[in-house]
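Take a look at the structure below.
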Amino acid sequence: MGKAQEERLTSKEAAVSMAPSDRIYHLHQSVKSIISAHKMILPGTTVVLGVSGGPDSVALMHVLHALKSDLRCSIHVAHLDHALRSDSRADAEFTFQAAERLDLPCSIRREDVRTLAANLSMSLEEAGRKARYDYFRELLRKFPGGRIATAHHLDDTIETFFLRILRGSSLQGIQGIRPVHGAIIRPFAHTTRSEVLEYLEDAGIQYRIDPTNLTISADRNFIRHDIIPAVQKRFPQYRKPLARTMELIGQEDRFISRQASELFNRAVRSTDSGLTLSIEPLWQADEVLVARVIILALYETAGPYARIGRVHVESMKQMIYSENPSGRISLPNRLEAVRNYAELRIARKESTFQDSRLETEIPGPGTYQFGAAGPKISFEIIPAELVDVNSADGAETAFFDAEQAAFPVVLRSVLPGDRCRPWPGKGSRKIKSILIDAKIPRHMRKLVPLLFKGDECLWIGGLRRGNAAPVTDTTQTVLKVMLTREGCFDTSGRSG
(Lines of atoms letter the chains of each structure in order from A and count residues from 1; the text may use other names and numbers.)
(Lines give C-alpha, C1' and ligand atoms only; values in the text may rest on other atoms or scores of the structure.)
Protein backbone atom coordinates (compact mmCIF):
# COMPACT_ATOMS: atom_id res chain seq x y z
CA MET A 1 0.00 0.00 0.00
CA GLY A 2 1.38 3.37 -0.99
CA LYS A 3 1.84 6.28 1.41
CA ALA A 4 -0.98 8.23 -0.26
CA GLN A 5 -3.45 5.42 0.35
CA GLU A 6 -2.36 5.01 3.98
CA GLU A 7 -2.78 8.74 4.59
CA ARG A 8 -6.16 8.51 2.91
CA LEU A 9 -7.28 5.74 5.25
CA THR A 10 -6.04 7.47 8.42
CA SER A 11 -7.82 10.72 7.50
CA LYS A 12 -11.29 9.17 7.46
CA GLU A 13 -11.95 9.87 11.14
CA ALA A 14 -11.27 13.58 10.57
CA ALA A 15 -13.70 13.59 7.65
CA VAL A 16 -16.52 12.37 9.90
CA SER A 17 -16.43 15.58 11.97
CA MET A 18 -16.48 17.86 8.92
CA ALA A 19 -19.40 20.03 7.87
CA PRO A 20 -21.41 18.65 4.90
CA SER A 21 -19.87 21.14 2.46
CA ASP A 22 -16.39 20.20 3.66
CA ARG A 23 -17.11 16.48 3.28
CA ILE A 24 -18.28 17.06 -0.30
CA TYR A 25 -15.08 18.97 -1.07
CA HIS A 26 -13.02 16.32 0.74
CA LEU A 27 -14.41 13.50 -1.44
CA HIS A 28 -13.96 15.51 -4.63
CA GLN A 29 -10.30 16.11 -3.77
CA SER A 30 -9.77 12.49 -2.74
CA VAL A 31 -11.11 11.23 -6.09
CA LYS A 32 -9.13 13.85 -7.97
CA SER A 33 -6.00 12.68 -6.13
CA ILE A 34 -6.40 8.99 -7.03
CA ILE A 35 -7.18 9.89 -10.67
CA SER A 36 -3.97 11.91 -10.83
CA ALA A 37 -1.83 9.34 -8.98
CA HIS A 38 -2.87 6.51 -11.32
CA LYS A 39 -3.14 8.66 -14.48
CA MET A 40 -6.71 7.39 -14.90
CA ILE A 41 -8.02 10.25 -17.03
CA LEU A 42 -5.81 12.31 -19.34
CA PRO A 43 -6.96 15.61 -20.88
CA GLY A 44 -9.31 15.01 -23.80
CA THR A 45 -10.36 11.55 -22.60
CA THR A 46 -13.95 10.36 -22.91
CA VAL A 47 -15.08 8.33 -19.91
CA VAL A 48 -17.80 5.72 -20.43
CA LEU A 49 -19.36 5.70 -16.97
CA GLY A 50 -21.42 2.69 -15.94
CA VAL A 51 -24.43 3.87 -13.91
CA SER A 52 -27.01 1.46 -12.49
CA GLY A 53 -29.04 4.09 -10.64
CA GLY A 54 -27.77 2.81 -7.29
CA PRO A 55 -25.93 4.95 -4.70
CA ASP A 56 -22.34 4.14 -5.70
CA SER A 57 -22.61 4.81 -9.43
CA VAL A 58 -24.88 7.84 -9.01
CA ALA A 59 -22.38 9.35 -6.56
CA LEU A 60 -19.51 8.75 -8.97
CA MET A 61 -21.50 10.37 -11.78
CA HIS A 62 -21.92 13.54 -9.69
CA VAL A 63 -18.29 13.55 -8.54
CA LEU A 64 -16.88 13.15 -12.06
CA HIS A 65 -19.32 15.78 -13.34
CA ALA A 66 -18.03 18.18 -10.68
CA LEU A 67 -14.42 17.45 -11.67
CA LYS A 68 -15.04 17.39 -15.42
CA SER A 69 -13.64 20.88 -16.07
CA ASP A 70 -10.53 20.32 -13.95
CA LEU A 71 -9.91 16.95 -15.61
CA ARG A 72 -10.72 18.33 -19.08
CA CYS A 73 -12.61 15.16 -19.97
CA SER A 74 -15.99 14.16 -21.40
CA ILE A 75 -18.44 11.79 -19.72
CA HIS A 76 -20.82 9.38 -21.47
CA VAL A 77 -23.24 7.59 -19.13
CA ALA A 78 -24.06 3.94 -19.92
CA HIS A 79 -26.85 1.90 -18.31
CA LEU A 80 -27.59 -1.78 -18.88
CA ASP A 81 -31.06 -2.99 -17.93
CA HIS A 82 -30.58 -6.63 -16.87
CA ALA A 83 -34.32 -7.37 -17.16
CA LEU A 84 -34.20 -9.35 -13.90
CA ARG A 85 -36.98 -7.39 -12.09
CA SER A 86 -40.36 -6.18 -13.19
CA ASP A 87 -39.44 -2.59 -12.29
CA SER A 88 -35.98 -2.62 -13.89
CA ARG A 89 -37.15 -0.19 -16.59
CA ALA A 90 -37.70 2.35 -13.82
CA ASP A 91 -33.95 2.17 -13.02
CA ALA A 92 -33.16 2.90 -16.66
CA GLU A 93 -35.54 5.85 -16.75
CA PHE A 94 -34.15 7.20 -13.47
CA THR A 95 -30.58 6.97 -14.80
CA PHE A 96 -31.49 8.70 -18.04
CA GLN A 97 -33.17 11.59 -16.21
CA ALA A 98 -30.31 11.91 -13.71
CA ALA A 99 -27.78 12.14 -16.56
CA GLU A 100 -30.01 14.60 -18.42
CA ARG A 101 -30.14 16.93 -15.40
CA LEU A 102 -26.34 17.06 -15.50
CA ASP A 103 -26.40 17.55 -19.28
CA LEU A 104 -24.54 14.26 -19.82
CA PRO A 105 -25.23 11.99 -22.82
CA CYS A 106 -26.69 8.63 -21.81
CA SER A 107 -26.96 5.30 -23.65
CA ILE A 108 -29.30 2.53 -22.45
CA ARG A 109 -29.57 -1.13 -23.47
CA ARG A 110 -31.84 -3.92 -22.24
CA GLU A 111 -30.35 -7.42 -22.02
CA ASP A 112 -32.07 -10.64 -21.00
CA VAL A 113 -29.38 -11.67 -18.53
CA ARG A 114 -31.33 -14.68 -17.26
CA THR A 115 -31.37 -16.21 -20.75
CA LEU A 116 -27.71 -15.29 -21.27
CA ALA A 117 -26.78 -17.05 -18.02
CA ALA A 118 -28.67 -20.19 -19.09
CA ASN A 119 -27.11 -20.22 -22.56
CA LEU A 120 -23.57 -19.78 -21.24
CA SER A 121 -23.99 -21.94 -18.10
CA MET A 122 -23.12 -18.97 -15.89
CA SER A 123 -24.51 -17.61 -12.67
CA LEU A 124 -26.67 -14.50 -12.93
CA GLU A 125 -23.87 -12.46 -11.36
CA GLU A 126 -21.32 -13.70 -13.92
CA ALA A 127 -23.69 -13.22 -16.85
CA GLY A 128 -24.62 -9.73 -15.69
CA ARG A 129 -20.97 -8.73 -15.44
CA LYS A 130 -20.22 -10.11 -18.89
CA ALA A 131 -23.21 -8.28 -20.41
CA ARG A 132 -22.24 -4.98 -18.75
CA TYR A 133 -18.61 -5.01 -19.76
CA ASP A 134 -19.38 -6.20 -23.29
CA TYR A 135 -21.76 -3.23 -23.61
CA PHE A 136 -19.28 -0.77 -22.11
CA ARG A 137 -16.52 -1.97 -24.45
CA GLU A 138 -18.85 -1.66 -27.42
CA LEU A 139 -19.52 1.96 -26.50
CA LEU A 140 -15.83 2.56 -25.87
CA ARG A 141 -15.01 1.75 -29.49
CA LYS A 142 -16.71 5.02 -30.42
CA PHE A 143 -14.19 6.93 -28.28
CA PRO A 144 -10.58 5.99 -29.14
CA GLY A 145 -8.32 6.28 -26.12
CA GLY A 146 -11.32 6.40 -23.79
CA ARG A 147 -11.83 4.79 -20.40
CA ILE A 148 -14.54 2.73 -18.71
CA ALA A 149 -15.29 3.96 -15.17
CA THR A 150 -17.07 1.84 -12.57
CA ALA A 151 -18.01 2.75 -9.00
CA HIS A 152 -16.30 -0.11 -7.12
CA HIS A 153 -15.16 1.20 -3.75
CA LEU A 154 -12.93 0.00 -0.93
CA ASP A 155 -15.70 -1.99 0.76
CA ASP A 156 -16.40 -3.81 -2.54
CA THR A 157 -12.72 -4.76 -2.64
CA ILE A 158 -12.79 -6.07 0.93
CA GLU A 159 -15.99 -8.03 0.29
CA THR A 160 -14.38 -9.58 -2.78
CA PHE A 161 -11.31 -10.47 -0.71
CA PHE A 162 -13.39 -12.35 1.89
CA LEU A 163 -15.56 -13.97 -0.78
CA ARG A 164 -12.61 -15.36 -2.70
CA ILE A 165 -10.79 -16.48 0.44
CA LEU A 166 -13.85 -18.50 1.47
CA ARG A 167 -14.42 -19.94 -2.00
CA GLY A 168 -10.74 -20.65 -2.56
CA SER A 169 -8.52 -18.46 -4.69
CA SER A 170 -5.04 -17.86 -6.05
CA LEU A 171 -3.00 -14.72 -5.39
CA GLN A 172 -4.60 -13.17 -8.46
CA GLY A 173 -8.02 -13.49 -6.89
CA ILE A 174 -7.25 -12.03 -3.45
CA GLN A 175 -5.18 -9.00 -4.41
CA GLY A 176 -8.35 -6.93 -4.50
CA ILE A 177 -9.95 -4.81 -7.20
CA ARG A 178 -7.22 -2.75 -8.84
CA PRO A 179 -7.77 1.01 -9.33
CA VAL A 180 -6.72 0.64 -12.98
CA HIS A 181 -7.00 -2.48 -15.11
CA GLY A 182 -6.41 -1.82 -18.78
CA ALA A 183 -9.03 0.67 -19.96
CA ILE A 184 -11.11 0.20 -16.78
CA ILE A 185 -10.71 2.76 -14.01
CA ARG A 186 -12.16 2.81 -10.49
CA PRO A 187 -11.95 6.32 -9.00
CA PHE A 188 -13.67 5.18 -5.76
CA ALA A 189 -11.04 2.47 -5.09
CA HIS A 190 -9.93 4.21 -1.84
CA THR A 191 -13.41 5.43 -0.86
CA THR A 192 -15.65 3.61 1.63
CA ARG A 193 -19.36 2.88 1.28
CA SER A 194 -20.15 5.12 4.25
CA GLU A 195 -18.33 8.03 2.59
CA VAL A 196 -20.37 7.52 -0.56
CA LEU A 197 -23.65 7.52 1.38
CA GLU A 198 -22.61 10.61 3.39
CA TYR A 199 -21.77 12.41 0.15
CA LEU A 200 -25.19 11.63 -1.32
CA GLU A 201 -26.92 12.82 1.83
CA ASP A 202 -24.82 15.98 2.13
CA ALA A 203 -25.39 16.90 -1.50
CA GLY A 204 -29.10 15.96 -1.46
CA ILE A 205 -28.71 13.50 -4.35
CA GLN A 206 -31.39 10.87 -4.95
CA TYR A 207 -30.66 7.30 -6.03
CA ARG A 208 -32.38 3.96 -6.54
CA ILE A 209 -32.14 0.90 -4.29
CA ASP A 210 -32.15 -2.62 -5.77
CA PRO A 211 -34.32 -4.62 -3.32
CA THR A 212 -32.33 -7.79 -4.05
CA ASN A 213 -29.32 -6.16 -2.35
CA LEU A 214 -31.13 -5.96 0.98
CA THR A 215 -31.61 -9.71 1.45
CA ILE A 216 -29.18 -12.48 2.35
CA SER A 217 -29.84 -14.21 -0.96
CA ALA A 218 -26.32 -14.23 -2.37
CA ASP A 219 -22.85 -14.96 -1.04
CA ARG A 220 -21.73 -11.36 -1.48
CA ASN A 221 -24.68 -10.03 0.51
CA PHE A 222 -23.93 -12.58 3.22
CA ILE A 223 -20.38 -11.24 3.42
CA ARG A 224 -21.70 -7.65 3.43
CA HIS A 225 -24.43 -8.02 6.05
CA ASP A 226 -23.04 -10.75 8.34
CA ILE A 227 -19.29 -11.27 8.02
CA ILE A 228 -18.13 -7.65 7.65
CA PRO A 229 -20.18 -6.29 10.63
CA ALA A 230 -18.77 -9.09 12.83
CA VAL A 231 -15.21 -8.29 11.73
CA GLN A 232 -15.76 -4.56 12.23
CA LYS A 233 -17.09 -5.12 15.76
CA ARG A 234 -13.97 -7.05 16.75
CA PHE A 235 -11.45 -5.09 14.62
CA PRO A 236 -12.79 -1.54 14.10
CA GLN A 237 -9.78 -0.49 11.99
CA TYR A 238 -9.84 -3.63 9.81
CA ARG A 239 -9.82 -1.75 6.48
CA LYS A 240 -6.28 -0.40 6.87
CA PRO A 241 -4.42 -3.72 7.48
CA LEU A 242 -6.54 -5.51 4.88
CA ALA A 243 -5.82 -2.84 2.28
CA ARG A 244 -2.11 -3.12 3.07
CA THR A 245 -2.24 -6.92 2.80
CA MET A 246 -4.00 -6.78 -0.58
CA GLU A 247 -1.47 -4.28 -1.89
CA LEU A 248 1.43 -6.55 -0.87
CA ILE A 249 -0.30 -9.55 -2.46
CA GLY A 250 -0.79 -7.49 -5.61
CA GLN A 251 2.92 -6.58 -5.78
CA GLU A 252 3.96 -10.22 -5.45
CA ASP A 253 1.34 -11.34 -7.95
CA ARG A 254 2.53 -8.82 -10.52
CA PHE A 255 6.11 -10.09 -10.14
CA ILE A 256 4.99 -13.70 -10.66
CA SER A 257 2.86 -12.62 -13.63
CA ARG A 258 5.88 -11.03 -15.33
CA GLN A 259 7.88 -14.22 -14.87
CA ALA A 260 4.97 -16.31 -16.18
CA SER A 261 4.60 -14.08 -19.26
CA GLU A 262 8.28 -14.61 -20.10
CA LEU A 263 7.85 -18.39 -19.77
CA PHE A 264 4.66 -18.23 -21.86
CA ASN A 265 6.54 -16.49 -24.67
CA ARG A 266 9.25 -19.19 -24.61
CA ALA A 267 7.03 -22.24 -24.28
CA VAL A 268 3.83 -21.43 -26.18
CA ARG A 269 3.22 -20.85 -29.86
CA SER A 270 0.04 -20.05 -31.72
CA THR A 271 -1.34 -22.30 -34.47
CA ASP A 272 -4.35 -22.07 -36.77
CA SER A 273 -6.29 -24.39 -34.47
CA GLY A 274 -5.23 -23.09 -31.05
CA LEU A 275 -2.06 -23.06 -28.92
CA THR A 276 0.78 -25.54 -28.59
CA LEU A 277 2.82 -25.78 -25.37
CA SER A 278 6.36 -27.18 -25.48
CA ILE A 279 6.85 -29.60 -22.61
CA GLU A 280 10.61 -29.24 -22.00
CA PRO A 281 10.74 -25.56 -20.90
CA LEU A 282 7.75 -26.23 -18.64
CA TRP A 283 9.53 -29.18 -17.02
CA GLN A 284 12.46 -26.89 -16.20
CA ALA A 285 10.29 -24.14 -14.66
CA ASP A 286 8.79 -23.77 -11.20
CA GLU A 287 5.38 -25.39 -10.80
CA VAL A 288 3.82 -22.04 -9.82
CA LEU A 289 4.87 -20.53 -13.15
CA VAL A 290 3.68 -23.59 -15.05
CA ALA A 291 0.22 -23.18 -13.52
CA ARG A 292 0.19 -19.50 -14.55
CA VAL A 293 1.18 -20.40 -18.13
CA ILE A 294 -1.62 -22.97 -18.28
CA ILE A 295 -4.13 -20.39 -17.06
CA LEU A 296 -2.94 -17.84 -19.62
CA ALA A 297 -3.17 -20.42 -22.39
CA LEU A 298 -6.64 -21.57 -21.35
CA TYR A 299 -8.11 -18.07 -21.22
CA GLU A 300 -6.46 -17.14 -24.52
CA THR A 301 -8.11 -20.07 -26.29
CA ALA A 302 -11.39 -20.31 -24.35
CA GLY A 303 -12.05 -16.58 -23.90
CA PRO A 304 -12.08 -14.30 -20.82
CA TYR A 305 -15.45 -15.55 -19.54
CA ALA A 306 -14.70 -19.27 -19.72
CA ARG A 307 -15.29 -21.15 -16.47
CA ILE A 308 -11.72 -22.31 -15.96
CA GLY A 309 -11.35 -24.14 -12.67
CA ARG A 310 -8.59 -25.64 -10.59
CA VAL A 311 -9.52 -29.12 -11.86
CA HIS A 312 -8.64 -28.08 -15.45
CA VAL A 313 -5.30 -26.59 -14.44
CA GLU A 314 -4.36 -29.61 -12.30
CA SER A 315 -5.36 -32.06 -15.06
CA MET A 316 -3.13 -30.26 -17.54
CA LYS A 317 -0.25 -30.17 -15.06
CA GLN A 318 -0.59 -33.93 -14.62
CA MET A 319 -0.33 -34.42 -18.39
CA ILE A 320 2.74 -32.16 -18.58
CA TYR A 321 4.59 -33.98 -15.77
CA SER A 322 3.41 -37.47 -16.74
CA GLU A 323 5.86 -40.06 -18.10
CA ASN A 324 3.06 -41.15 -20.45
CA PRO A 325 3.77 -39.31 -23.73
CA SER A 326 0.10 -39.12 -24.72
CA GLY A 327 -3.08 -37.98 -23.03
CA ARG A 328 -6.26 -36.05 -23.60
CA ILE A 329 -8.76 -34.08 -21.47
CA SER A 330 -11.89 -32.09 -22.21
CA LEU A 331 -11.98 -28.37 -21.39
CA PRO A 332 -14.71 -25.70 -21.24
CA ASN A 333 -16.10 -24.08 -24.41
CA ARG A 334 -15.66 -27.24 -26.52
CA LEU A 335 -11.90 -27.25 -26.15
CA GLU A 336 -9.59 -30.15 -25.48
CA ALA A 337 -5.97 -30.51 -24.40
CA VAL A 338 -3.96 -33.25 -26.10
CA ARG A 339 -0.48 -34.39 -25.03
CA ASN A 340 1.67 -35.63 -27.91
CA TYR A 341 5.16 -36.54 -26.69
CA ALA A 342 7.05 -33.22 -26.38
CA GLU A 343 4.01 -30.99 -26.96
CA LEU A 344 0.62 -30.27 -25.45
CA ARG A 345 -2.00 -28.81 -27.79
CA ILE A 346 -5.09 -26.81 -26.77
CA ALA A 347 -7.64 -26.55 -29.56
CA ARG A 348 -11.29 -26.91 -30.50
CA LYS A 349 -12.60 -30.44 -30.48
CA GLU A 350 -12.70 -31.88 -33.98
CA SER A 351 -15.38 -34.41 -34.79
CA THR A 352 -12.89 -36.20 -37.03
CA PHE A 353 -10.75 -36.96 -33.97
CA GLN A 354 -13.44 -39.16 -32.51
CA ASP A 355 -13.33 -42.92 -32.71
CA SER A 356 -15.65 -43.17 -35.73
CA ARG A 357 -14.20 -45.24 -38.58
CA LEU A 358 -13.27 -43.57 -41.87
CA GLU A 359 -13.56 -45.59 -45.05
CA THR A 360 -13.74 -44.59 -48.73
CA GLU A 361 -13.88 -46.85 -51.76
CA ILE A 362 -11.73 -45.53 -54.60
CA PRO A 363 -13.37 -46.51 -57.94
CA GLY A 364 -10.78 -44.97 -60.26
CA PRO A 365 -8.25 -42.17 -60.83
CA GLY A 366 -8.87 -38.79 -59.14
CA THR A 367 -8.28 -36.85 -55.93
CA TYR A 368 -10.09 -37.82 -52.75
CA GLN A 369 -10.39 -36.23 -49.28
CA PHE A 370 -9.79 -38.60 -46.38
CA GLY A 371 -12.22 -37.30 -43.75
CA ALA A 372 -13.15 -33.68 -43.09
CA ALA A 373 -9.77 -32.80 -41.52
CA GLY A 374 -7.60 -35.44 -43.17
CA PRO A 375 -5.23 -35.24 -46.15
CA LYS A 376 -6.03 -35.26 -49.85
CA ILE A 377 -4.87 -38.29 -51.82
CA SER A 378 -4.58 -38.47 -55.61
CA PHE A 379 -4.63 -41.62 -57.76
CA GLU A 380 -3.15 -41.65 -61.26
CA ILE A 381 -2.48 -44.39 -63.87
CA ILE A 382 0.82 -43.88 -65.75
CA PRO A 383 2.62 -45.98 -68.42
CA ALA A 384 5.50 -47.82 -66.76
CA GLU A 385 8.13 -46.41 -69.14
CA LEU A 386 7.35 -42.86 -67.86
CA VAL A 387 7.88 -43.73 -64.21
CA ASP A 388 11.10 -43.40 -62.18
CA VAL A 389 10.32 -45.68 -59.27
CA ASN A 390 13.33 -44.40 -57.33
CA SER A 391 11.85 -40.88 -57.29
CA ALA A 392 9.25 -41.89 -54.67
CA ASP A 393 10.02 -42.27 -50.98
CA GLY A 394 7.05 -44.54 -50.33
CA ALA A 395 5.73 -42.16 -47.67
CA GLU A 396 4.13 -39.17 -49.40
CA THR A 397 4.27 -40.78 -52.85
CA ALA A 398 4.18 -44.48 -53.76
CA PHE A 399 4.09 -46.49 -57.00
CA PHE A 400 2.29 -49.83 -57.44
CA ASP A 401 1.75 -52.31 -60.25
CA ALA A 402 -1.64 -51.13 -61.53
CA GLU A 403 -2.73 -54.65 -62.48
CA GLN A 404 -2.05 -56.09 -59.02
CA ALA A 405 -3.54 -52.99 -57.33
CA ALA A 406 -6.48 -52.70 -59.72
CA PHE A 407 -9.45 -50.45 -58.90
CA PRO A 408 -11.50 -50.45 -56.78
CA VAL A 409 -9.18 -50.05 -53.81
CA VAL A 410 -10.14 -48.89 -50.32
CA LEU A 411 -8.85 -46.02 -48.17
CA ARG A 412 -9.70 -46.52 -44.52
CA SER A 413 -8.58 -45.86 -40.96
CA VAL A 414 -6.82 -48.41 -38.81
CA LEU A 415 -8.78 -51.23 -37.17
CA PRO A 416 -7.73 -53.52 -34.32
CA GLY A 417 -5.58 -56.34 -35.63
CA ASP A 418 -4.60 -54.64 -38.92
CA ARG A 419 -1.18 -55.77 -40.18
CA CYS A 420 1.18 -54.65 -42.93
CA ARG A 421 4.24 -56.15 -44.65
CA PRO A 422 6.48 -53.05 -44.81
CA TRP A 423 8.78 -52.48 -47.77
CA PRO A 424 11.41 -53.80 -47.91
CA GLY A 425 11.18 -56.96 -45.89
CA LYS A 426 9.33 -60.25 -45.59
CA GLY A 427 7.66 -60.16 -42.18
CA SER A 428 4.47 -58.36 -41.14
CA ARG A 429 3.85 -55.95 -38.29
CA LYS A 430 0.80 -54.62 -36.52
CA ILE A 431 -0.08 -51.27 -38.04
CA LYS A 432 -0.81 -49.92 -34.55
CA SER A 433 2.82 -50.62 -33.58
CA ILE A 434 4.08 -48.86 -36.70
CA LEU A 435 2.01 -45.77 -35.83
CA ILE A 436 3.28 -45.78 -32.23
CA ASP A 437 6.89 -46.04 -33.39
CA ALA A 438 6.27 -43.09 -35.72
CA LYS A 439 5.00 -41.12 -32.68
CA ILE A 440 1.56 -40.59 -34.17
CA PRO A 441 -0.62 -39.40 -31.23
CA ARG A 442 -3.50 -41.69 -30.40
CA HIS A 443 -6.21 -39.14 -31.22
CA MET A 444 -4.71 -38.63 -34.72
CA ARG A 445 -4.31 -42.29 -35.73
CA LYS A 446 -7.79 -42.42 -37.24
CA LEU A 447 -6.63 -39.75 -39.70
CA VAL A 448 -3.76 -41.84 -41.08
CA PRO A 449 -5.03 -43.21 -44.43
CA LEU A 450 -4.42 -46.89 -45.09
CA LEU A 451 -4.68 -48.15 -48.69
CA PHE A 452 -6.01 -51.70 -48.97
CA LYS A 453 -6.56 -54.08 -51.85
CA GLY A 454 -8.70 -56.79 -50.32
CA ASP A 455 -7.01 -57.80 -47.07
CA GLU A 456 -3.59 -56.59 -48.17
CA CYS A 457 -2.27 -53.25 -46.91
CA LEU A 458 -0.60 -51.51 -49.85
CA TRP A 459 0.37 -48.27 -48.14
CA ILE A 460 0.36 -46.43 -44.80
CA GLY A 461 -0.18 -42.89 -46.03
CA GLY A 462 2.57 -40.46 -45.04
CA LEU A 463 4.78 -43.20 -43.52
CA ARG A 464 5.70 -46.12 -45.80
CA ARG A 465 4.43 -48.44 -48.48
CA GLY A 466 3.77 -52.12 -48.05
CA ASN A 467 5.45 -55.05 -49.83
CA ALA A 468 2.44 -55.84 -52.04
CA ALA A 469 2.00 -54.92 -55.74
CA PRO A 470 5.58 -53.79 -56.38
CA VAL A 471 6.60 -52.27 -59.71
CA THR A 472 8.82 -54.79 -61.59
CA ASP A 473 10.38 -55.14 -65.03
CA THR A 474 7.17 -56.81 -66.28
CA THR A 475 4.85 -54.01 -65.05
CA GLN A 476 2.94 -52.37 -67.92
CA THR A 477 1.06 -49.61 -66.09
CA VAL A 478 1.72 -47.96 -62.74
CA LEU A 479 -0.66 -46.68 -60.09
CA LYS A 480 0.79 -43.48 -58.58
CA VAL A 481 -0.62 -42.54 -55.17
CA MET A 482 0.29 -39.14 -53.67
CA LEU A 483 -0.67 -37.56 -50.34
CA THR A 484 -0.91 -33.78 -49.76
CA ARG A 485 -1.61 -32.14 -46.40
CA GLU A 486 -2.38 -28.55 -47.43
CA GLY A 487 -5.21 -27.08 -45.32
CA CYS A 488 -5.56 -30.13 -43.10
CA PHE A 489 -4.25 -31.59 -39.87
CA ASP A 490 -1.11 -33.66 -40.33
CA THR A 491 -0.59 -36.86 -38.41
CA SER A 492 1.49 -35.16 -35.74
CA GLY A 493 -1.44 -32.95 -34.78
CA ARG A 494 -0.08 -29.72 -36.29
CA SER A 495 -2.07 -27.74 -38.77
CA GLY A 496 -0.45 -27.76 -42.19
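Cβ atoms here come from the backbone N, Cα and C positions, even for glycine.
Note that the structure is predicted; figures quoted are calculated from it, not measured.
The ATP binding site annotation in TrEMBL covers SER52, GLY53, GLY54, PRO55, ASP56, SER57. DSSP assigns PRO55 (ATP binding site) to a helix.
Mean pLDDT for the domain 'Lysidine-tRNA(Ile) synthetase C-terminal' (409-481) in the predicted structure: 90. Feature annotation from TrEMBL assigns domain 'Lysidine-tRNA(Ile) synthetase C-terminal' to 409-481.
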Proximal but sequence-remote residues of the same chain as PRO55 (ATP binding site) (Cβ under 8 Å, at least 6 apart): VAL196, LEU197, LEU200, TYR207, ILE209
All-chain count of other Cβ atoms within 10 Å of SER52 (ATP binding site): 22
Cβ atoms near GLY54 (ATP binding site) (within 10 Å, other residues, all chains): 18
Extra residues within 8 Å (Cβ to Cβ centroid of SER52, GLY53, GLY54, PRO55, ASP56, SER57), ATP: VAL51, VAL58, ALA59, ALA151, TYR207, ARG208
